[in-house]
Amino acid sequence: MTTDAKTALLRAGIIGWPVGHSRSPVIHSYWIARYGIDGAYDRYGVPPDQIEAFLGRFSDHGLIGCNVTLPHKQAAFAACDDVDEVGRTLEAVNTLWLDEGRLHGANTDAYGFLANLDQAAKGWDKNPGAAVVLGAGGAARAIVWALFSRGFDPVHIVNRTVEKAESLAAFFGTGTRAHAWDALPGLLQTANIVVNSTSLGMAGNPPLEIDLAPLPETSLVADAVYVPLETSILKAARARDLVAVDGLGMLLHQAVPSFAKWFGKVPEVTDELRAHVVADLSKDG
């Protein structure tokens, strides 16, 4: 490749620590090829003690923008000159881009969660009511905001360490309630939707073992985990003929606004893309 060609190439990527597991390059590279864009998307491992310097010199890296994954989403938020409404609310961003020398940030995690359910379970939010979110980390924060935006109230945050649930509930205030794990059976009786945002059920972690018998037959069960695609909680939901949605769609859809911002093309989340990413995931199995 000539120097001029390198200069013309639109470069984006993902920063995190570690970042080798990320499937974002698989998604964005697929779209780059599909839409005939002269671009590239790579992984950039940035240790926590170097993230401030990396973001402070963002224009030096030859990137038009990047995604941000753990543990850097809050540091990226702090480094931005401008942040979208969701990012300001959540105090975390997962998408960065430069515009006239200013570093802009956005949070597309909540968008990805909602778009996944909109595609996989049409009408899921027609009659919003009580929601149960398992976990109290960064993913839970985006999911709670997303559920509020569609009218779900109250949103019950359940965590094994109840203090973390209380902290997240305090962050949002009215409409959220914190609970210890032993409150689940009672909460499930009136839940319209249950979302797992913990790492339980993820490959290499203990399974998420919950008795879903108390759930109403109209409830939806969603999991942010996508390795494996069919987690223990989703299997339990399908055994009861409940609507069950895996976490891969959230990953695919959260990438859409980022790609559109950087490359000027709104990409589609198709069955072909999903199959492409599933095939890549199977390489680890």
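Just so you know, glycine gets a Cβ as well, placed from its N, Cα and C.
Helix, strand and coil residue tallies for the domain 'Shikimate dehydrogenase substrate binding N-terminal' (14-96), in that order: 37 helix, 18 strand, 28 coil [DSSP]. Residues annotated as domain 'Shikimate dehydrogenase substrate binding N-terminal' in TrEMBL: 14-96.
Here TrEMBL flags Ser22, Arg23, Ser24, Thr69, Asn94, Asp109, Tyr226, Gln254 as shikimate binding site. According to DSSP, Tyr226 (shikimate binding site) sits in a coil region rather than a helix or strand. Cβ-based neighbour count (10 Å, all protein chains) for Tyr226 (shikimate binding site) stands at 20.
Taking a C-beta cut-off of under 8 angstroms and a sequence separation of 6 or more, Lys73 (active site, proton acceptor) has the following same-chain neighbours: Ala92, Val93, Asn94, Asn107, Gly138. The annotation active site, proton acceptor is assigned in TrEMBL to Lys73.
If you look up TrEMBL, you'll see Glu85, Gly135, Ala136, Gly137, Gly138, Ala139, Asn159, Arg160, Thr161, Val162, Glu163, Lys164, Ala224, Gly247 marked as NADP(+) binding site. Here Asn159 (NADP(+) binding site) comes close to Leu134, Gly135, Ala136, Ala165, Leu168, Ala178, His179, Ala180, Trp181: these same-chain residues lie at least six apart in sequence, with C-beta atoms under 8 angstroms from its C-beta.
TrEMBL lists 130-199 with the feature domain 'Quinate/shikimate 5-dehydrogenase/glutamyl-tRNA reductase'.
Outside the domain 'SDH C-terminal' (247-269), and at least 6 residues removed from its termini, the chain residues within Cβ reach (under 8 Å) are 10, 12, 23-24, 27-28, 31-32, 34-35, 37, 39, 64-65, 67, 94-95, 97, 106, 108-109, 111-113, 115-117, 119-120, 222-226, 229, 277-278. Annotation source TrEMBL lists domain 'SDH C-terminal' at 247-269.
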Residues flanking the shikimate site, with Cβ no more than 8 Å from the Cβ centroid of Ser22, Arg23, Ser24, Thr69, Asn94, Asp109, Tyr226, Gln254 and excluding those residues themselves:
Ile14, Asn67, Leu251, Ala255
Closest of Arg23, Ser24, Asp109 to Ala224 (NADP(+) binding site), Cα positions, binding-site residues only:
Asp109
Arithmetic mean of per-residue pLDDT over the domain 'Quinate/shikimate 5-dehydrogenase/glutamyl-tRNA reductase' (130-199):
98
